[in-house]
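Peer 1: Here it is: the structure, laid out below.
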Amino acid sequence: MLVPWLVAALALAYATRDLSLAALAAALAPVALAPFVALVLALSLGALACDASALWLALGRRQRLRALLLTRGASALLSVLNYGAGQGGLVYFLFRHHGVPLAAGTGAVLLSAAALMAVLALAVGSAMLLGALPAHPALLLAAWAAMAVVPGYLALAATRPAPLVRVRWLAPLFALPARALAAVLAIRALHLALLIGGHWALMALFGIEVPLTAALLRLPIVFLIGALPIAPAGIGTTQASAIALFSAFAIGDASARDAAVLAYSACTQIAGMAVLVAIGLPCWRLLARAAPTPTPTPTPTADPISAASSEASADPSGPPASPPPKACHE
């Protein structure tokens with residue numbers, strides 16, 4: 001448990017080794033508070049909406065989207081700890097408040113998260129091949145590996161290897177038809193575009209004038225490093241990678257440039273976590289008030305998306321299915 005915090009501390013220490021408090025204060029002074037708060041709020045709400053929409057598709061559209069928005073909002077409180085905690089909480093909430101069996105819920109959440117990671121990997125691989133990072137044989141190999149993630153997964157989904165399909169919590173990864181998988185990936189591509197646009201605008205508020213093409217190439221690398229489960233909530237690793245990739249676009253001497261990027265990255269992360277807490281607490285309370293009540297398992301329909309999801313959720317060892325409580329739909 002201490003290792004991730006040690007990684008975060010070391011990354012922060014490395015990123016701030018040449019910075020002074022005076023330089024950091026100077027970087028914060030010209031930032032307009034109202035546009036900053038508005039951008040962080042819009043970015044956080046948009047990301048949660050994309051999460052809920054991707055999960056809705058991964059579950060075969062059998063749950064109400066509004067109910068999933070509330071559930072994702074409640075799990076956002078756990079996301080403050082780290083991405084994995086938020087996803088684990090989402091599986092539990094789906095089981096308790098939506099009657100989704102644990103295996104089916106795990107698979108759907110995994111599919112939703114894997115789609116985001118796949119889109120990120122594709123963007124990062126493209127950026128590396130286009131020269132966003134220094135040329136190096138190891139980096140080139142990593143770029144091609146990242147580029148292969150999406151076509152590799154689509155090939156697995158098309159061939160449906162029997163050993164993987166038989167694993168209950170992996171079933172949703174292979175159960176959805178191609179058009180449903182494409183829809184999940186499209187939502188995640190929109191999610192990534194939202195993140196890039198929001199962070200590009202946030203950097204401008206801190207005096208970091210990044211060309212849009214450079215932002216398109218480099219920001220996915222920062223996002224992917226921040227999502228790695230090596231530091232709590234990406235603290236430290238996000239700041240270190242942002243400084244390495246964007247300090248050249250700030251103004252002033254080296255210390256002033258690093259301070260501007262650190263101020264942007266740290267303030268955005270802290271404000272984003274505060275927004276998640278502000279959203280998560282009321283959603284958690286609303287969800288907690290709704291006592292789960294068992295209901296019949298939904299009947300599979302002729303729709304291929306619904307039928308595929310029903311196959312993944314028809315687990316004979318799972319608990320009785322239950323409809324979402326009324327409070328989840330209000």
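Quick reminder: no glycine exception, Cβ is built from N, Cα and C everywhere.
Values in this document were obtained by computation on a predicted structure and should not be read as measured data.
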Peer 1: Can you identify, from 223-249, 304-330, the stretch that TrEMBL calls transmembrane segment?
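Peer 2: That would be 223-249, the stretch labelled transmembrane segment in TrEMBL.
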Peer 1: Which listed range (107-131, 169-187, 223-249, 261-287) shows the maximal number of Cβ pairs under 8 Å with respect to the transmembrane segment (69-95)?
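Peer 2: When the Cβ pairs under 8 Å are tallied, 261-287 comes out ahead.
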Peer 1: Taking contact to mean three or more C-beta pairs under 8 angstroms, with sequence separation of 6 or more, is the transmembrane segment (107-131) in contact with the transmembrane segment (223-249)?
Peer 2: yes
Peer 1: Using a Cβ cut-off under 8 Å, which residues of the same chain at least 6 positions beyond either end of the transmembrane segment (223-249) come close to it?
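Peer 2: Sequence-distant neighbours of the transmembrane segment (223-249): 4-5, 7-12, 14-16, 79-84, 117, 120-121, 124, 132, 192, 195, 203, 208-211, 214, 257-258, 260-262, 264-266, 269, 273.
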